[in-house]
Amino acid sequence: MSQMGLHPRRGLTGHWLQRFQPCLPLHTVQWRRLLLLAFLLSLAWPASPLPREEEIVFPEKLNGSSILPGSGVPARLLYRLPAFGEMLLLELEQDPGVQVEGLTVQYLGQAPEMLGGAEPGTYLTGTINGDPESVASLHWDGGALLGVLQYRGAELHLQPLEGGALNSAGGPGAHILRRKSPASSQGPMCTVKAPSGSPSPISRRTKRFASLSRFVETLVVADDKMAAFHGTGLKRYLLTVMAAAAKAFKHPSIRNPVNLVVTRLVILGSGQEGPQVGPSAAQTLRSFCTWQRGLNTPNDSDPDHFDTAILFTRQDLCGVSTCDTLGMADVGTVCDPARSCAIVEDDGLQSAFTAAHELGHVFNMLHDNSKPCTNLNGQGGSSRHVMAPVMAHVDPEEPWSPCSARFITDFLDNGYGHCLLDKPEAPLHLPATFPGKDYDADRQCQLTFGPDSSHCPQLPPPCAALWCSGHLNGHAMCQTKHSPWADGTPCGSSQACMGGRCLHVDQLKDFNVPQAGGWGPWGPWGDCSRTCGGGVQFSSRDCTRPVPRNGGKYCEGRRTRFRSCNTENCPHGSALTFREEQCAAYNHRTDLFKSFPGPMDWVPRYTGVAPRDQCKLTCQARALGYYYVLEPRVADGTPCSPDTSSVCVQGRCIHAGCDRIIGSKKKFDKCMVCGGDGSRCSKQSGSFKKFRYGYSDVVTIPAGATHILVRQQGGSGLKSIYLALKLSDGSYALNGEYTLMPSPTDVVLPGAVSLRYSGATAASETLSGHGPLAQPLTLQVLVAGNPQNARLRYSFFVPRPVPSTPRPPPQDWLQRRAEILKILRKRPWAGRK
């Protein structure tokens, strides 16, 4: 049984986000709900389109003014547009907040014809007929216009007409203009009355302890199915989705300054030797992870380098038992070039949350319903956050759960995000406009449910959940995946959605202004981790004065401080070290080791443990020799190893002095006296070469001995002699009864002392430890062959005898002496000369 039997290694387990089937507002069985609502809709709305007005228009481009330097885009664009009997004059200018400078699309393979090469467009904003209350938000590719117009309470949607002819003036050609009916207008209603008393429908679904800016340089890949579905709008769509994902990572609930940066965009065409994208999510992920590594450059400073890669596909992904899978990623792999990758099934604009979810796994986050998260989130805290196991409406006020924030913080604090500290030389700006301005409710439905879907406007309340048209068994129906309308989607006259609520457009301005955060005061010191022997206590502060808003910068700097506490020695009755106590707590955990013959005696394992793993609880079964990581961290204040006074703090080895104070420079001398000068002990050394078959005594090392070192030297017969240790009671601590310990091990001695043994199979055996020994120890040698010219050398330090000082006479003796002298002075001879 390997270590993985207890603690699966990060990255070996894939996680996927599930989606709900179309769900309707009734509390009975879902399939019956679908049939019932489809039937009601077939009566109230017999296959007729949703109420809206449409007409074909030909926008006329008027003369633009000067060209913006280096961009080829006019500084001001004028368009004249006939609209439902009225002529509209659009005064447009480039929106500086939505440029994506420097980003070029890389096409691999044969690009679909509808792509037509890279999308050269830009984002425009402006007014209509000079009305300051009007809003024009359009995407312009040099000809065609796509976007939303809001004018005098009307909401107009403009998009190119596929196959439309150019107008007579050589303008951008035929467009379709739709005027949507106000949400309050009367018309065919889709209402279902729930039984009396039923609940309302609801949605389901690298400095230590320092906050440092992280920059996640991301490769975004879209497969040929994405290209075929989105056509020329693919680049804009991908950037819009990634902008929403980046916005989620900027929310203060993640408690870290994480910047998601798109550095490369690759679109795959047919015939490309790319990743194998198929129904199996696991196989697709493995194929993509292998393929993306070939695109990366190992040099982190190279502009083409990326820290993680994400694949978007329209392929229906399947897990082990169902095809309700929206994405998959390895866990805790962000700086592993081979496994820092994720796949996302495109499901409309809400795919931004799928992307954020999968990248959360890459940052070592678990699902919010996992056992560790249940303890951190509390009851009912697992359904409205990004890392919920099933896609649902994400709480805009707290998109990341306390568990997600804790796991990414610990992950970064432990040094696993080292590759994210370099800031891109030329950061690329993702679209800053709200996605709902570019993608109206109808388009959002098409992205989610297909090109024939449109918005069902009669299902209140607006913004909370996007309801879209569809068909079931020939009957019209409305369906939802419980995702809210995209932020910025018009929801009424001078109103737009934000966080699932319909707000006045003036209120949206509050969401556009970033506010940087500031540190609050330090909190009180917490409890000490130990009652004696040197513990640790913490104090922390939060980024709350003020809390960052609207993508504002999260606080940087030290967020947690710690100090030593209860540094006095533990009582002499403590037979075990602090680490030994933690291992011994597993002595009766037979439920974790069912393959073992019975309860095991667990002791610390130091030999063979890498320095980076010193603060994991690695314990060894004394009888079997197997060792396992029983806990990912030892308790705070546990010494990192027997050879150092440094202690573990939150899973990391922190320097401490021999006085058990963190940051202290005090050291043990050879006598193991803290801060001593080495004068209290003397070195004893010698050699041994009188070998005979069997066991022979070499030297008895006295109690109190320190810095013990035993080493074999020279000769061709070293393999025939072995070290052994015998305790004062006659029992063996090492290699007794002709039974050898072949591999490196820690020899645990009475008094919580251990010696490090190289193992009997080592080319040259060694035995070492700091001590001091609690009782005498006899060093022996076991001879099993013909040792020629072999020699054994040993050394250790023993306390010097304390020089005796004359004891002062007792007080009563001094008093009696004074009385005797007084009597003698009174004798007759006392005054004679």
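A Cβ is built for glycine as well, from the same backbone N, Cα and C atoms used for every other residue.
Packing around Glu358 (active site) is summarised by its Cβ count: 29 other Cβ atoms lie within 10 angstroms of its Cβ, all protein chains included. As annotated by Swiss-Prot, active site applies to Glu358, with the evidence given as sequence analysis.
His361 (Zn(2+) binding site) falls within a helical segment according to DSSP. Marked as Zn(2+) binding site by Swiss-Prot: Cys190, His357, His361, His367.
The domain 'Disintegrin' feature in Swiss-Prot is assigned to 433-515.
As annotated by Swiss-Prot, N-linked glycosylation site applies to Asn63 (among others).
Under a cutoff of 8 A between CB atoms, and with a sequence separation of 6+ in the same chain, the neighbours of Asn299 (N-linked glycosylation site) are His305. What Swiss-Prot records for Asn299 (among others) is N-linked glycosylation site.
Among the features that Swiss-Prot reports, region 'Disordered' is placed at 180-204.
Residues or ranges marked as region 'Spacer' by Swiss-Prot: 682-833. Note on the region 'Spacer' (682-833): its mean pLDDT in the predicted model is 86.
The motif 'Cysteine switch' annotation in Swiss-Prot covers 188-195.
Summarising the annotation, Swiss-Prot assigns signal peptide to 1-49 and lists sequence analysis as the type of evidence.
Within the set of binding-site residues (His361, His367), the lowest number of other Cβ atoms found within 10 Å of a Cβ is recorded at His367. Across the domain 'Disintegrin' (433-515), DSSP classifies residues as 20 helix, 25 strand, 38 coil. Classification of His367 (Zn(2+) binding site) by DSSP places it in coil, neither helical nor stranded.
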